[in-house]
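Novice: Here it is, the structure in full.
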Amino acid sequence: MEDMAAGNHCTVTEFFLAGLSEKPELQLPLFLLFTGIYLITMAGNLGMITLIGLSSHLHTPMYYFLSSLSFIDFCQSTVVIPKMLVSFLTEMNIISYSECMAQLYFFLTFGIAECYTLAAMAYDRYVAICNPLLYNVTMSYQIYSSLISGVYIFAVICSSFNTGFMLRTQFCNLDVINHYFCDLLPLLNLASSNTYINEILILFFATLNSFVPVLTIITSYIFIIVTILSIHSREGKFKAFSTCSTHISAVAIFYGSGAFTYLQPSSLNSMGQAKVSSVFYTTVVPMLNPLIYSLRNKDVSIALKKILERKKFM
C-alpha cells in the first residue's frame, strides 16, 4: 500500500464510494436491475466470443475484431459493475487506495481499446467494400493481428500515463468519491496537490483518443458511402450497406454516450447528471453491443441457428 502511495505525503489507504443513489428505497431495485444487466452483458459477450470461435465461416478479420470488441466490453463491465453492486448492499462502500487505482487503470485501458477497436473495424469495412479484390492481402493475418495488438498496447500506454500521475497526486482532507467507481475527474476533485499536469494529460489523451479514431471512422465511411452510391444494382447497394449498419449502430451508441458523459459544459454537468450518463456508457453500452450484432448481423444469426440446431440433435 505504501509503495503505491509513494509521493503521496498525506498517505491515503482507502476511499468511500458515494454510489449511484443515496435513497434507501432505491438500493434493492437498483441492485436487481444492474445484476440483470451484468448477467446479460456476460452472457452476450462471452456467447459472442464462443460463437465466433465455434463457427468456421466467421473466422475472418471482421469477426475477429468483433470478438475482441466483445472481450473489451466484458472486461469493461467487470471492472465497474461488481463494485457498484456492492454499494447497493452496504452503507459504507469502501475501496482501498490500490484497488481504486487498479480500477481506474483498467477502466481507462479498456475504454481506450474500444475507441481504437471500433476504428479498426471501420477500416476493415472500408477495405472489404472499397477494395474487395485486395481484401485478403490488405487484411492478412499479420495485418489484423498487428492492429489488434497495437490497440491494446497503445491503450496500456495511455492509461499508464494517466494512472501513473494519479498515483503522484496527494489526497489529504477528502476521501469520499462522489461516484460509483474510480474515474479520473471525481478523483481529481478530491486532490489536495496541484493537478495541472494531470489535467493537461487528460486533455491531451482525451483529444488524441477521440480525434484519431473518429477521423478514421468518418474517413472510412466517406469512402464507403461513395463506393456504395456507385454500385448500380439495388441488391448490391443493400448488401454493402447491411455489412456496415451494425457497426454504425455500435459506433453511434458508444461515441454518443461517451460524448454525453464527458463533453458536457461544466455549468450543465452536475455530478448527478454525470453519474446517470456514466451508467449508460459503462453498463448499458457493453450489454447492447452483442445484442446489436446478433440481431442485425445475418452471418451471426445464421451461425447462432446452426449452433442451436446442432445442440438439438446431440
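Cβ atoms are placed via backbone N, Cα and C, with glycine included.
Found this in Swiss-Prot, in case it helps:
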TOPO_DOM  1-31  topological domain 'Extracellular'
TRANSMEM  32-52  transmembrane segment
TOPO_DOM  53-68  topological domain 'Cytoplasmic'
TRANSMEM  69-89  transmembrane segment
TOPO_DOM  90-100  topological domain 'Extracellular'
TRANSMEM  101-121  transmembrane segment
TOPO_DOM  122-146  topological domain 'Cytoplasmic'
TRANSMEM  147-167  transmembrane segment
TOPO_DOM  168-184  topological domain 'Extracellular'
TRANSMEM  185-205  transmembrane segment
TOPO_DOM  206-210  topological domain 'Cytoplasmic'
TRANSMEM  211-231  transmembrane segment
TOPO_DOM  232-247  topological domain 'Extracellular'
TRANSMEM  248-268  transmembrane segment
TOPO_DOM  269-314  topological domain 'Cytoplasmic'
Novice: Just to confirm my parser: what is the rounded mean pLDDT across the topological domain 'Extracellular' (90-100)?
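Specialist: Averaged over the topological domain 'Extracellular' (90-100), per-residue pLDDT gives 89.
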Novice: On the DSSP side of things, how many residues of the topological domain 'Extracellular' (90-100) fall into helix, strand and coil, could you say?
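Specialist: Tallied per class, the topological domain 'Extracellular' (90-100) gives 4 helix, 4 strand, 3 coil.
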Novice: Which range out of 32-52, 101-121, 147-167, 185-205, 211-231 gives the transmembrane segment (69-89) the most CB pairs under 8 Å?
Specialist: 32-52
Novice: Name the range, of those listed as 32-52, 101-121, 147-167, 185-205, that has the largest tally of Cβ pairs under 8 Å with the transmembrane segment (211-231).
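Specialist: The stretch with the most close Cβ contacts to the transmembrane segment (211-231) is 101-121.
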Novice: Against which stretches of its own chain does the topological domain 'Cytoplasmic' (122-146) lie, if we need a Cβ under 8 Å and a gap of at least six residues from its ends?
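Specialist: The answer is 61-62, 64-65, 216-217, 220-221, 223-224, 227-228, 240, 243-244, 247, 251.
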Novice: By DSSP, what is the split of the topological domain 'Cytoplasmic' (269-314) into helix, strand and coil residues?
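Specialist: The breakdown for the topological domain 'Cytoplasmic' (269-314) reads 41 helix, 0 strand, 5 coil.
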Novice: Can you break down the topological domain 'Extracellular' (168-184) into helix, strand and coil residue counts using DSSP?
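Specialist: Output for the topological domain 'Extracellular' (168-184) reads 1 helix, 2 strand, 14 coil.
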